[in-house]
Every structure is written in C-alpha cells, then in structure tokens.
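Student: Just lifted these from TrEMBL, have a look:
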{"type": "DOMAIN", "residues": "30-204", "note": "domain 'GAIN-B'"}
{"type": "TRANSMEM", "residues": "209-235", "note": "transmembrane segment"}
{"type": "DOMAIN", "residues": "214-469", "note": "domain 'G-protein coupled receptors family 2 profile 2'"}
{"type": "TRANSMEM", "residues": "247-267", "note": "transmembrane segment"}
{"type": "TRANSMEM", "residues": "287-310", "note": "transmembrane segment"}
{"type": "TRANSMEM", "residues": "322-343", "note": "transmembrane segment"}
{"type": "TRANSMEM", "residues": "374-396", "note": "transmembrane segment"}
{"type": "TRANSMEM", "residues": "417-441", "note": "transmembrane segment"}
{"type": "TRANSMEM", "residues": "447-470", "note": "transmembrane segment"}
Amino acid sequence: LLQLGQHQWLAGLKTLLLNVSRAGTRDILIAFSPTEGPSRLNTTEKGKAGKIHLPREVFRSLSNQTVRVVVTVLNIQQFGMFKEVNQTAQVLDNTVVGVTVGESSISGLHDPVKLTFAHRELPQTVTPQCVFWDPSKGTPCSGQVWGWAQVLQQHSQPFPVPIAGRAGGWRSSGCVTRPRDNGTVCSCDHLTFFTLLLNQTLDVSTAKALMAVATAGCGVAMAFSIFTMAFCIFIRCRFRFEETVRINLGLHMNLVGSLFLLNLAFLLNSGLAGRTHPGTCRVLGGLTHYCLLCCFTWMALEGCQLYLLFVKVLGIYIPHYLGKLCLVGWGFPVLVVGVAGGIGSYGEYRIQTTDHQVIAHLCWITSKYLLVHYITNCGYFGLIFLFNMAVFGVVTQKSCSLQGTGAVQGYHKPWKVALGAAGLFCLLGATWALAFLTYGISSTPLLYLFTILNSLQGIFIFIWLVILYYPKTKETTGSLSYIIRHDKTITASQD
C-alpha cells in the first residue's frame, strides 16, 4: 500500500514523501520529532516522539489511484516564519508540522486527523491549544510575496506560506485539544500546517498583582470577619430572638470564623512559603487545606439549614443542633486532611511559567498529588455548589411566591429583597464557582474577579447581616424568621 518512502532535508526543514495507493488503504501512522523529523511508524511501535494518524477517509475521497503524502516538520525559529503580529503564546519546541495529501485541499473530515505533540508535563499556568496556520487571517500588505513557497515546493510541499509579518495567523476552528500527561492530542477536520501553542495564563507581573490584591483583600476581610462575629454576638445577647434565628446567627458566625482562619492561613502561607523548613511547610499546607475545607463545609451547612427552614418547615427538632453542626463543620475536614497528610500530599508547590521560571511559592498540595486537590477541593466544592444553588432556587421561588400573596408586602422593600438574594448567593459560596472558569487563555480577568470577590466575601456577609438582621421595627425577629413563620402558618392552614 505504501510505495516509495523518502526523506528530504534542509536546515530547519525535514520532509517525508510517501506514495499511497487507494486500494485497500488502511490508516497511516507517522512519527515526528523536532530533531529527527518525520518517519513511518508501525502500529506496534511505541515511542516518545509525536505521532500523526491519517484516517483512511482521507485517501478514499480522492480520485487518483495513487496519491502523494507529504509531511513536513519545520523549525520556525530558523526560518523566521509562522509568527503573528503581537503573538504572546509560545510555539511548542518552535515546531510546525505540515500535512498534505495529493494536490487538492482536504477539509470537512468526519474522521479527524490526529496529531500527538509529545511534551513533558506542563505547568499549571500553561494552557495548550491546537491551532493551524490560516494565510487569510489578518490584513496582508500590498505586494505580498510568498517567499517561502518556492523553498517548500522544492521539497514537494504544494501550498504557499506567507512571509512573517505580511499576513496570516493561527486559528483553532476545526481542531479539538485533548491534553494528556505526556503530550497533547490535536484532532482536526482538515489538512494544513499545525502546531501546539502554549498560552501563558499567568505571567510574573500578573501573579504579583494578584498576590498584592489577595493580600490586601485578606487583610480587609479579616477585619470585617471580626466585626461580623462581634455583631452576631452582640445581637444574640442584646435582643430576644426565637431559636431558629439564634441558630442561623450561630451558623453565620461559624462560617465567618472559617473565612477568618482561611484568610489568616493564606497570609501566613504567602509570607512563609519558600523560606521555611519542609516540615513546617507541610504543616502550613495542611492547615491551609483544612481552613479551605472548613469554609466549604460551613457553606454546605448553610444550604442544609435553608433547606430545612424553607422545605421541611414543620416537625423539625434536633437536640443540641448547633453543637452537632459544629462537630460536622470543624470535624469532617480533620478526617480529610488527616488522610491527605498521611499519604504525604502536602509540601512546597511552585507556580511556574513555560520556561519553568518560578512565579510563586506556596505550601499546599504538591504537584505529585494533584488528584487529591481535584477530589477534595474541586469535586467536593462542585457537589456543594450544585446543592446550594438548588436550595437558592427553592428559597428564591418561595420568597417570590410569598411576595405575590401580599403577606409580606410593606415589610420587604424591593431593594431589600434584592439584597437578601445577593447575600444568600454570597453566603452559599457561589463566588467560589469562578474557580472553575479560571482555566484557559482568557482566564486572567476571571482570576482578578475571583480574587477580589472571595477576598471581600466577609465584607458582603457583614453588610448583609447588619441590614437584614438588625431590628428596626416592632418585628424584631428578622426577615428570614418572618418568612419562615408565615410559611408555617400557610402550611398548617392547608393541612
């Protein structure tokens, strides 16, 4: 099926020429590397080089019985080409791979061409992206010269490449990126020049700016956390609330306390990481993880409490209820951190750039045990977020329905309802969901938003509690309690 395999070499440019017969053609595998260029690969061969998988669909759609396959590996640094104006992303190994079959352009493949770009594990701040060169992108200058076309045509590469800076650019349409441990698989529905761009999502200047914002925000949040806890203690002692509201205030106080400890742990972490003993760093990493899990757990308990109040409004009595909640809120994270620490998950974690320049040091879960982070942090919070958002939807719907009955009109002003909803949204930890969106080439604005909102979460909770819980009328039991009690009355009358 494969006739005539030959190589042609030029400094920075290596090609493989294959004549392929359409009759009974199977999928073709080709290996490539920046140093050795392309070569034929048997299905049983394994190696660390990159791979190209050409599906049989590519050949069956052509009219000629025998077609020429040309695979070209170029070093763009030596040729000074394939560079966009103001390009910030780095090309992996400065290597571009060109694939052509026959003389015509091939696109719209149902079975995509797969290129595997081999590389070692990328830093967490780097996002790989599969792209191809589009000569039509950008605004070409008048008198554009296809200078490299002659060079490539001499090596049997049939289509032209524009001179750098004249026109063209990278596009990702039609290509799907699938990162793996030791490489990235690019699945594309057409043939052209491909490469893997390494997008730096967090550079040194951005990291320093984020650390400055987070440090300032944590300091302010700690101050307001103290104000909030003092306010909760004051109104619990100063006013006579019913038991439901007292439990709610106790829950809020524990959540704010966990936020205070998390901010304190972060400040200690950012100040001591990189200059402490490894054993101290492991302890500090475990402490930071514990405080984070406590915050998540108390957010979950806030959601559970709202569910019991608004859905299970009748016949709920649990002795020593707040004490049992404290046992869960502060005790469950101890078990998780104990197991994670037992397997050696904590230590120094370095945030690096593509050239392995260290941006920041943290005492956290090490890169070797990132699965622990994905399970205990991302997975755990993901479940809590879904549950709390469902509870938030129920609470919002029930509050709106009570507003519609006219039962609470006059007590609930529109701005107060909106503030209550925003407070609940923050109380249930919705702002932490931004962490799931901070992956990718456009994540820098979201990183700033995530850092600012979560640093100020304590301030939002303080303002919400002061406005909604501090008695200003004869109805001194709090807005939440009023809605719950009225809901009990409606439910009882319906029964």
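Using N, Cα and C of the backbone, Cβ positions are placed for all residues, glycine too.
The structure displayed is predicted, hence computed values, not measured ones.
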Student: Which one of these stretches, 209-235, 247-267, 287-310, 322-343, 374-396, has the most C-beta pairs shorter than 8 Å to the transmembrane segment (447-470)?
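Tutor: So the stretch in question is 209-235.
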Student: Can you give the mean pLDDT for the domain 'G-protein coupled receptors family 2 profile 2' (214-469), rounded to a whole number?
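Tutor: Across the residues of the domain 'G-protein coupled receptors family 2 profile 2' (214-469) the model's pLDDT averages 82 on the 0 to 100 scale.
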Student: Six or more residues out from either end of the transmembrane segment (209-235), which same-chain residues have a Cβ under 8 Å from its Cβ atoms?
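Tutor: Distant Cβ neighbours of the transmembrane segment (209-235) are 202, 241, 249-250, 252-253, 256-257, 259-260, 263-264, 266-267, 270, 360, 447-448, 451-452, 454-459, 461-462, 465-466, 469-470.
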